[in-house]
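Colleague: Sharing a structure here in structure tokens format.
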Amino acid sequence: MRVVLIVLDSVGIGEMPDAHLYGDEGSNTIVNTAKAVSGLHLPNMAKLGLGNLDDIPGVEPVKPAEGIYGKMMEKSPGKDTTTGHWEIAGVILKKPFDLFPEGFPKELIEEFERRTGRKVIGNKPASGTEIIKELGPIHEKTGALIVYTSADSVFQIAAKKEIVPLEELYRYCEIARELLNEMGYKVARVIARPFTGEWPNYVRTPERKDFSLEPEGKTLLDVLTENGIPVYGVGKIADIFAGRGVTENYKTKDNNDGIDKTISLMKEKNHDCLIFTNLVDFDTKYGHRNDPVSYAKALEEFDARLPEIMHNLNEDDVLFITADHGCDPTTPSTDHSREMVPLLGYGGRLKKDVYVGIRETFADLGQTIADIFGVPPLENGTSFKNLIWE
């Protein structure tokens, strides 16, 4: 038996009760995107029950639905990829990751400069493409490292490959990771951001590398691998979990590549396993850029390929589709939004047309997957296997 878990990065379905604390009242990524384009065409997710979850223009409610459906609330504080995925896997954060809207503290930057032997420029929240355009020439002249953050808990280091060789950049990231941990700053990811080319047409290269914080507790991935059930990550799963509990990981170029790799794993791995896929384009390419038209198109492209995924399920396999947070492209904010996420499930062993309600935590999904595999339970979450199992 295989479980295929697909996270549509940032595809939220309505504000959380505490959204006002995050400045996210009124956010509803799916519904507002559908309104912006006068209706979404998502017939395959509609069949599973997506239209039963909210009033989504173009996505009709279907009775009886072919799948199980519900929504999940986020119990952890925060609204980012790491927090969302950890919670799906059973780890609930007590305190949120640190954010640096004013840049990093002076003593941290000074110590980082001392340990790397290079000066730091930037030190502010910025768009990666904009900051290299702004500071690239100074970096080329002086060899100073471009350090910046975003609305997420990240410490990013950009450097031109011809000025700072890749291995050296990665070493600086390791220094930053150690230093943040030592000084007690809870930063989710340190990210190497190499670029090349000439000003003003610098291009970021694909050798981006994440140096993530390890999950604060045992995840579903740890429990599965400890019990002999491999976990195959597609996309940035290994980065999110700092490699822990991931048997093999397959990096992706874009959503379609992620779907291709998921399908080829389904064809290839005929043993008990979890195939855990993150499709990130919704978030990085369209949500943050407030581009509802392209966001809608990406949702429709995923939906059009859903039958291929379903066609490759064996009789006892289970497919779950969910998200990790919101990123409403129709609101003035370019940041993530604090939202509930949709949950759809399908498989030969699952009942049809079951509404699993609004779950109190994303961890209910991880707990259910642990229950399906018959491994020891996770620390958090309530399994709903009894509601959905034939």
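All positions are counted from 1 along the displayed chain.
Just so it is clear, glycine is given a Cβ too, placed from its N, Cα and C backbone atoms.
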Colleague: Asp283, His288 show up in Swiss-Prot as binding Mn(2+) 2; which entry in His85, His139, His336 does that record put in the same site?
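Modeller: Between His85, His139, His336, Swiss-Prot records just one in the Mn(2+) 2 site with Asp283, His288, namely His336.
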Colleague: Out of Asp283, His288, His336, the binding-site residues in the record, which is closest to His325 (Mn(2+) 1 binding site) when you go by Cα distance?
Modeller: His336
Colleague: Counting other CB atoms within 10 A of each CB, which of the binding-site residues Asp9, Asp283, Asp324 comes out lowest?
Modeller: Asp9
Colleague: Rounded to a whole angstrom, what is the C-alpha distance between Asp283 (Mn(2+) 2 binding site) and Asp9 (Mn(2+) 1 binding site)?
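Modeller: About 6 Å separate the Cα atoms of these two residues.
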Colleague: Could you find out if DSSP has His336 (Mn(2+) 2 binding site) as helix, strand or coil?
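Modeller: SS state of His336 (Mn(2+) 2 binding site) = coil.
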Colleague: Could you list the residues of the same chain, at least six apart in sequence, whose Cβ is under 8 A from the Cβ of His288 (Mn(2+) 2 binding site)?
Modeller: Cys327, Thr334, Asp335
Colleague: Measure from the CA atom of His336 (Mn(2+) 2 binding site) to the CA atom of Asp9 (Mn(2+) 1 binding site) and give the result in Å, rounded to a whole number.
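Modeller: Rounded to the nearest whole number, the Cα-Cα distance is 10 Å.
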Colleague: Enter the number of other CB atoms within 10 angstroms of the CB of His325 (Mn(2+) 1 binding site).
Modeller: 30
